[in-house]
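Okay, structure first, notes after.
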Amino acid sequence: MGLQTVFRAVIMGAPGSGKGTVSSRIAQSFALKHLSSGDMLRANIEAKTGKTAPALSSHTISDLGLLMKSCIDQGQLVPDDVISRLVLSSLRGLEQTSWLLDGFPRTVAQADALDSVYDVDSVINLDVPSQTIRERLTSRWVHLPSGRVYNIDFNPPKKPGLDDVTGEPLIQRDDDSPETVSRRLKDYERQTQPVLEYYRSKGVLETFSGTETNKIWPHVHAFLARKIPGNQQAMGKA
Ligand SMILES: Nc1nc2c(ncn2[C@@H]2O[C@H](COP(=O)(O)OP(=O)(O)O)[C@@H](O)[C@H]2O)c(=O)[nH]1
Ligand SMILES: Nc1ncnc2c1ncn2[C@@H]1O[C@H](COP(=O)(O)OP(=O)(O)O)[C@@H](O)[C@H]1O
C-alpha cells in the first residue's frame with residue numbers, strides 16, 4: 001500500500017453514554033483500530049490477579065493488579081501514571097495505524113500525556129442525559145474477554161446470558177451497581193469535563209447529543225466520513 005494519512009480519534013462521554021457501542025460501529029465502518037482503556041484494564045487485572053489461572057498461588061497476585069481492581073470496583077479512576085503507561089504502551093508501534101481511543105484520556109493530566117506523543121485529529125463527544133445512563137447501566141451485560149457489550153432492552157444476546165460469538169457466559173460488571181454508577185457520573189463531571197474544554201480549545205471537539213445510539217450514530221458516521229481519508233473507509237455505510 002502507498003502512503004496514507006493516519007487518522008487519530010478519541011471518543012468521550014460519561015460512563016454508559018455508548019462509547020463502546022459506537023466505537024464498534026466505527027471500527028466496522030472505517031478502518032480504525034479500537035482501543036478501550038477499560039477493556040485493557042480488565043484484561044490486565046484478569047491476567048495479574050490470576051482469575052483466569054486459578055492454579056496460581058496468591059503470591060502471584062500483583063499489587064498493581066489489586067490496586068487497579070480496587071479502584072474500578074469502587075468506581076474511582078485508576079492513577080494517571082498507571083493508566084497513561086498502559087495506554088501509551090499499547091499505542092507504541094501504531095505510528096502508521098489509524099486508531100480510536102475509547103475511555104482515555106479521562107483527566108487533563110492524561111490528555112497532556114497523550115499530547116506529548118500524538119496529536120489527536122478529532123474528539124467525538126457523546127452527550128447523553130444522566131437519567132438515560134442510569135437506566136442503561138443496570139441492564140448492561142458484557143463478555144469480558146472480548147469487551148462485547150449487550151443490553152437487555154437495546155441489543156440483547158441471541159441466547160439469554162451468553163455471548164453471541166463464543167457462547168461463553170456474560171456478566172454484569174460490579175461497578176454497574178446504582179451506587180457506583182452515581183459515583184462514576186460525579187467523577188466524570190469533576191475530572192473529565194475539563195478534558196472536553198481542553199479539546200474544545202484545540203478546535204477538535206465534536207459533540208453529539210441524544211438519548212438513543214441509533215439516532216446519534218448516523219451523525220457520527222457522516223462526520224467521520226467527511227474527516228477520514230477515502231481509502232480508509234471500509235464499508236462506509238451507516
Ligand atoms: N436502551 C438503550 N441502551 C443502549 C443504547 N445505546 C447503548 N446502550 C446500552 O447501554 C449500555 C452502555 O453502553 P456502552 O456502549 O457500554 O457505553 P460506554 O460505557 O460509554 O462504553 C450497554 O448495555 C449498551 O448496550 C440505546 O440507544 N438505548
Ligand atoms: N482513562 C482512565 N483513567 C482512569 N481510570 C480509568 C480510565 N479508563 C478506565 N478506567 C477505570 O476503569 C473503569 C471502567 O472504565 P470503562 O470500561 O471505560 O467504563 P465505561 O465504559 O462504563 O465508561 C473506570 O470506572 C475506571 O475505574
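Each Cβ is built from the backbone N, Cα and C atoms, and glycine gets one as well.
When secondary structure is read from DSSP and collapsed to three states, GLY20 (GTP binding site) falls in the helix class. According to TrEMBL, the feature GTP binding site maps to GLY16, SER17, GLY18, LYS19, GLY20, THR21, ARG140, VAL149, TYR150, THR213.
Classification of PHE104 (AMP binding site) by DSSP places it in coil, neither helical nor stranded. When other Cβ atoms within 10 Å of the Cβ of PHE104 (AMP binding site) are tallied across all protein chains shown, the result is 27. The feature AMP binding site is assigned by TrEMBL to SER37, ARG42, GLN76, LEU77, VAL78, GLY103, PHE104, PRO105, ARG106, GLN110, ARG173, ARG184.
Here TrEMBL flags 139-176 as region 'LID'. The list of residues near the region 'LID' (139-176) in space but at least 6 beyond its ends in sequence, with Cβ under 8 angstroms from a Cβ of it, reads 16, 20-21, 24, 36, 38-39, 42-43, 46, 72-75, 184, 213.
According to TrEMBL, the feature domain 'Adenylate kinase active site lid' maps to 140-175.
The region 'Disordered' annotation in TrEMBL covers 158-181. For the region 'Disordered' (158-181), residue counts in helix, strand and coil come to 7 helix, 3 strand, 14 coil, using DSSP.
Among the features that TrEMBL reports, compositional bias 'Basic and acidic residues' is placed at 171-181.
When the alpha carbons of ARG173 (AMP binding site) and GLY20 (GTP binding site) are compared, the span between them is 14 angstrom.
Of all the Cβ atoms in the protein chains shown, 19 others lie within 10 Å of the Cβ of ARG106 (AMP binding site). Around the Cβ of GLY16 (GTP binding site), the same chain contributes VAL128, ILE133, ARG134, ARG136, LEU137, ARG140, VAL181, each under 8 angstroms and 6 or more positions distant in sequence. Put simply, the two farthest-apart Cα atoms among GLY16, SER17, GLY18, LYS19, GLY20, THR21, ARG140, VAL149, TYR150, THR213, the recorded binders of GTP, are 14 Å from each other. According to DSSP, SER37 (AMP binding site) sits within a helical segment.
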